[in-house]
Amino acid sequence: MTTKRLAKELGLLRQRSASSSAQRSSVCKQRFSFLIIIDFESTCWREKSSSGQEIIEFPAVLLSVCSGAVESEFHSYVQPQERPVLSAFCTELTGITQDQVDSAPPLHVVLSRFSRWLRSLQEERGVVFLTDSSGAAPSAQLCAFVTWSDWDLGVCLLYECKRKQLSVPEALKNWIDLRATYKLFYNRKPKGLRGALLDLGIEFTGREHSGLVDARNTALLAQRMMTDGCQLSITSPERRAQVKPRPHTRPSGLRERHTHLTNVKNSRDTHTNTNTHLTNVKNSRDTHTNTHTHLTSVKNTRDTHTHTNTHLTNVKSSRDAHTRLPALMNGSIRARHTHTQQTCANSSDTHIASASVCEVLVSPYTLLSVAHTHTHLQARSAALAGLSDTTYDPESPAPCWQDGELLVEEEEPSSYDDVILGAEPEEATPSEPRRCVSSSVFKTPPPLLRSGPLSPLTHSLGRIAAPLSVHAHTHALKQKVKVTSPLCVCGRRARRLTVGNGGPNHGRVFYCCPRRRSNTHTHTCDFFQWESGVLQNTLSMLTTHTPAAAHTHLR
């Protein structure tokens, strides 16, 4: 029995013939009659660079789907404009020399030539692209663009045209991502273009990372995939790279200079979702930290340096002197941008570890006596005065972030032929250390000056006879005596609040009825009294009564 007869009996010859015809029919059933394969080569560096990449080689290959032959090609080198000198790494990788790009036209000229080449294909072969396929004749040959990944048309060309204010041709806004199609069809992730060809038994021909050679090999891969039964379709119609502009405004938590912090409640569930670093200082009787708090949550603190100028309304707290973080704005926590910013000044006299964005609040019900040295109070007052005059500047040259997360919008990762690109290392030039300015959200308003001196305060507390503000009286009185909230008409202890509406009384402290106005079952007694009035009564009692009687009354 001859070999030919045995093959006929086994049906090998018929099977081959049927398989070949089936493959041709499956290829011809594709939606597109022509495919244009594009594979750009761009400027690249060994290390990462902040500058964008520019196209230096613009190849295109026209593939006939039915015949599987390459019928036309377009190729041109492109002269880079932003960084015209190629790196040694780029020349070694792509094989493109400096002389080739110097004598090449810029990108806008190459795009014009490429558009003329596309028009010639439309006239000669009746090629129709997706942009004008709606009004095309029934006999028109539909054509699509194919790239190995979304990087060529979705990242490289798009970003460069935006930087140079060039318009992308409408036909190049729709393409087929062959790598994504390969992964879905064969259910495996390819290891680059060469690896995808080797997995299918096709040898990569030519020099790798040469634009025209890569386009030809990509055409071979597309033809093989269609032969295996893969139906090519547009993977990213009118897809744009999601370019998110860097916010040039203040973060949401730092937009208003005088922020109204409302409904600050003393509950344990308030700060469970905050991203800020909270330091719990428990059972400490005297806290004298020079770090000015990393947004500190102080529990059971008997003595803490606290400003009374914080913008608060409806502060709800218990008598345990628990400190809560004033980071609730309209009932929601804005902890994303409450980063602690450190003062980077090269000063040997002032040692400030960090400056808090929000000041720590201590329960205002009880003001305990404090025995501090005059030097410590002056140092702390100078530090807080420096913090209150600064504002947040997102364009500052060298911000110093500490104990916070700097959220940066990152571009969706894409590949440039599976090669890590970057910038060449540059020589480090010595420069003077930058001086960072710390920022603060809240600015302490100027103190309200009284019309005349308070001589009783001068004699009793040892102060100089000069016009003093209400805050100065409060601070002086807090160092000597305990001040108890007055009783309202309801018979309850009045609540101590601070005006935060930015008006003429901004920063002043007052007392009101502790009952909520929103409660319909109970009615408030409309009790209201400025703290300055309470202090005046207390000071007058200090001068008219004996020290023992005044001390008994204040308690």
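Just so you know, glycine gets a Cβ as well, placed from its N, Cα and C.
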**Message:** zinc finger per Swiss-Prot: which of the ranges 394-440, 441-487, 488-534 is that?
**Reply:** 488-534
**Item:** Residue from Asp214, Asp228 that Swiss-Prot also lists as binding Mg(2+) 1 with Asp39, Glu41
**Value:** Asp214
**Asked** Under the DSSP assignment, what numbers of helix, strand and coil residues are found in the zinc finger (488-534)?
**Response** 4 helix, 12 strand, 31 coil
**Request:** Count the Cβ atoms, other than its own, that fall within 10 Å of the Cβ of Asp152 (Mg(2+) 2 binding site), considering every protein chain shown.
**Result:** 28
**Request:** Starting from Asp39 (Mg(2+) 1 binding site), work out which of the binding-site residues listed here (Asp152, His209, Cys525) have their Cα within 10 Å, and give them in sequence order.
**Result:** Asp152, His209
**Message:** Give me the CA-CA distance between Glu41 (Mg(2+) 1 binding site) and Cys490 (Zn(2+) binding site), in Å, as a whole number.
**Reply:** 81
**Asked** Which residues in the same chain, at least 6 apart in sequence, have a Cβ under 8 Å from the Cβ of Cys488 (Zn(2+) binding site)?
**Response** Ala494, Tyr511, Cys512, Cys513, Pro514, Cys525, Phe527
**Request:** Summarise the model's confidence over the zinc finger (488-534) as a mean pLDDT value.
**Result:** 79
